[in-house]
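Worksheet: the structure to be examined is printed underneath.
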Amino acid sequence: MEVQLGLGRVYPRPPSKTYRGAFQNLFQSVREVIQNPGPRHPEAASAAPPGASLLLLQQQQQQQQQQQQQQQQQQQQQQQETSPRQQQQQQGEDGSPQAHRRGPTGYLVLDEEQQPSQPQSALECHPERGCVPEPGAAVAASKGLPQQLPAPPDEDDSAAPSTLSLLGPTFPGLSSCSADLKDILSEASTMQLLQQQQQEAVSEGSSSGRAREASGAPTSSKDNYLGGTSTISDNAKELCKAVSVSMGLGVEALEHLSPGEQLRGDCMYAPLLGVPPAVRPTPCAPLAECKGSLLDDSAGKSTEDTAEYSPFKGGYTKGLEGESLGCSGSAAAGSSGTLELPSTLSLYKSGALDEAAAYQSRDYYNFPLALAGPPPPPPPPHPHARIKLENPLDYGSAWAAAAAQCRYGDLASLHGAGAAGPGSGSPSAAASSSWHTLFTAEEGQLYGPCGGGGGGGGGGGGGGGGGGGGGGGEAGAVAPYGYTRPPQGLAGQESDFTAPDVWYPGGMVSRVPYPSPTCVKSEMGPWMDSYSGPYGDMRLETARDHVLPIDYYFPPQKTCLICGDEASGCHYGALTCGSCKVFFKRAAEGKQKYLCASRNDCTIDKFRRKNCPSCRLRKCYEAGMTLGARKLKKLGNLKLQEEGEASSTTSPTEETTQKLTVSHIEGYECQPIFLNVLEAIEPGVVCAGHDNNQPDSFAALLSSLNELGERQLVHVVKWAKALPGFRNLHVDDQMAVIQYSWMGLMVFAMGWRSFTNVNSRMLYFAPDLVFNEYRMHKSRMYSQCVRMRHLSQEFGWLQITPQEFLCMKALLLFSIIPVDGLKNQKFFDELRMNYIKELDRIIACKRKNPTSCSRRFYQLTKLLDSVQPIARELHQFTFDLLIKSHMVSVDFPEMMAEIISVQVPKILSGKVKPIYFHTQ
């Protein structure tokens, strides 16, 4: 024999889940115990409706008088209608009737009627009275004792087998219940059998039911299986739970109940309590009121209309017509007695529910769902087993407004008839649907291969765009959110479309994954708003948030610029605390030389500022602190004092003061403060990270040069930030000046390193990356390397001093601007002129002859002009290399690639031009 199992009960299932043999007795006992509520919970009786007590009283009065008569009538009818062949099959080899046989639908029949041969005490112990049957009752049935023969296929409803009585004609509104509830109560493979059984029982059971009612026959225990007046006793629940757990079944519904609580109306143990279907409340009524429209499903809809298949392969989702949220809420639902599910219930439906492993590897929250609108009604307190309750997220108007501003288009225009969700059959259902249209069919390319434009949204089977679904509906309907679309070649073939294992109604959403196109870099963004560059919308504006944050390079002046402590005022030209003020005075005036024990990059903060005096002093110079700033302040006070005493007579003391002042100013001019700042902020040595143990190759050398350029660019930004007057420029002008002049600055600094380190015989890019003749040829930029080496040799021929180099390098920063000008062009011109004057002052400091000073100024400015053509050639070379980088396997760091792709084309096209001192 075989017994079909469900979640904690006996009901028809597909033949894959069967247990044979020894479990028959255990299941028979479990079923009888479940049917006996027991009188142990008096509070459960008080929780039942008033109609339940009246029904129980009538059944108790009629049970003792007419139980015997009913069983005799059933035996007579069975003997009259049973054919001789069936009687022969029912007899065993020893002549005794078989204890069990197959029912009309092929399911096992488990008889539960009391035998006439049993004593009267056994008959009085009925499940409706709350007493527990004797343990030997179930055992006797399995040992071949005489038992009641089941009814033939065309018998009335009272003699139906107990397994079918759970889902057969006694279950109200089976044909009109929602598709989700149908999948819970009976799988897709057994739904047709139950519907046929229901149609037969409706036609045949009406006459027998009227005859039984006229004769006063009570309803049997099978008819009232769902109509108990009390909850399950503790023993029954514990026994059912133990058996279910031992067999791998889930009884989550029982775990949520405490003694005395009522179960949900759609639960398998919930009592209907004899209330007519017409007066039962409709759980989906609040949903219909919330949506503002009623679904026009009629109560007399046939089973074929309500069991329509959606376009999903295999028919996994049935009866979705008019149920955009898994709810069959209609105006006539109350009168038809339909058992409905609230909108917040969402099923984990699978095409392979028999495999337990199907649930273990699923990610139920990895689907791009979105909701914008009023939230559904709150979930009920106790969910059914296999139904998961989720509280939907309400993004409200803020989410709707944000979605409307999405770069993929206005979402308000996407709410059409095709956006009502899968299988929305009526126009009212489509209008009242809450399926969000954030991801349209044309945007499927962002999340996977698009399945074409097939999809119909019309009719009862519209499944969405790209699904090849049935029904010629609106083009471009919204595709279901939870599945992968078929390949391009299989877009129109429904047989090749694999339906999702899990379908989510609109009431479930966990997170909304936003699209991340691969063309947009994840770490970098644009710097400029005026030029989109060859990559479309990709700009470099947000690059400062990752690599060059403007807040980092230009912090607010509220704390000490050296250690970050609270600043006490402006000391020696910078906003510092008292401790750093005293330290700088002693360190700058003293003759002690500080050396860093590390790599000149020690952290200087409030707690570690005394660890490394060398790095602290260097940071003071970078902040602009100089001893001359204090002297200039004194000179300013002295000048004001002289103006106040202009009316007084001249005295010998005043003449002496004027002589000291003039000599002091002349001495100050020969030792400019500007040089002290430039020496302090000059960047240190930067390594390229090149592996010199590997053989030289074009890709390796150029990749190392690009990496070195990225590292040096960061130092250039820090150096420019520390230049006097640079912070007074507009922020956009600051970033533009750095982006346009970075190549010339690096070439000029590399030429100086080559002159000081290798006497201009090689190109000293970095200590670990020095180019000789072989590497110049290997890098395929030999002509550019020759010009850079010639620039390095100019430093030796002209005998450039370190002071002249520092001033020329600072002036080179302000030597290239856009043709249209900067945002604050006037201040830029003034700042550039000040740096030119500083260069002239440095020249005049060493030379007393004006003719010699003019000649020197001419030589230095010609050297500055010679840097611009070299930088332009390197701009062209790097831009061409970036375009072919994927072909030659040359790596470009993010920041370098952004600047080369966005700013270099402006220089090459003539929108940005250098400022020359001499006519070219």
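A Cβ is built for glycine as well, from the same backbone N, Cα and C atoms used for every other residue.
When the residues Ser96, Ser310 are compared with Swiss-Prot, the one annotated as phosphoserine is Ser96.
Per Swiss-Prot, the range carrying the annotation zinc finger out of 521-545, 596-620, 621-645, 771-795 is 596-620. Tyr269 is the residue among Tyr269, Tyr572 that Swiss-Prot labels phosphotyrosine. According to Swiss-Prot, the listed position annotated as phosphotyrosine out of Tyr408, Tyr552, Tyr764 is Tyr552.
Of the candidates Lys581, Lys823, Lys848, Lys906, Swiss-Prot marks one as ubiquitin cross-link, and that one is Lys848. It is 560-580, from the ranges 350-370, 560-580, 707-727, that Swiss-Prot records as zinc finger. According to Swiss-Prot, of the candidate residues Ser426, Ser651, the site noted as phosphoserine is Ser651.
DSSP assigns Lys848 (ubiquitin cross-link) to coil in the three-state reduction, placing it in neither a helix nor a strand. Each of the recorded positions Lys721, Lys846, Lys848 was scored by other CB atoms within 10 A of its CB, and the lowest score goes to Lys848. Lys721 (site 'Interaction with coactivator LXXL and FXXFY motifs') falls within a helix when secondary structure is assigned with DSSP. Cα of Tyr916 (phosphotyrosine) to Cα of Lys848 (ubiquitin cross-link): a span of 27 Å. Over all protein chains present, the Cβ of Tyr916 (phosphotyrosine) has 13 other Cβ atoms lying within 10 Å. Calculated from their C-alpha atoms, the gap between Lys721 (site 'Interaction with coactivator LXXL and FXXFY motifs') and Lys846 (ubiquitin cross-link) amounts to 29 Å.
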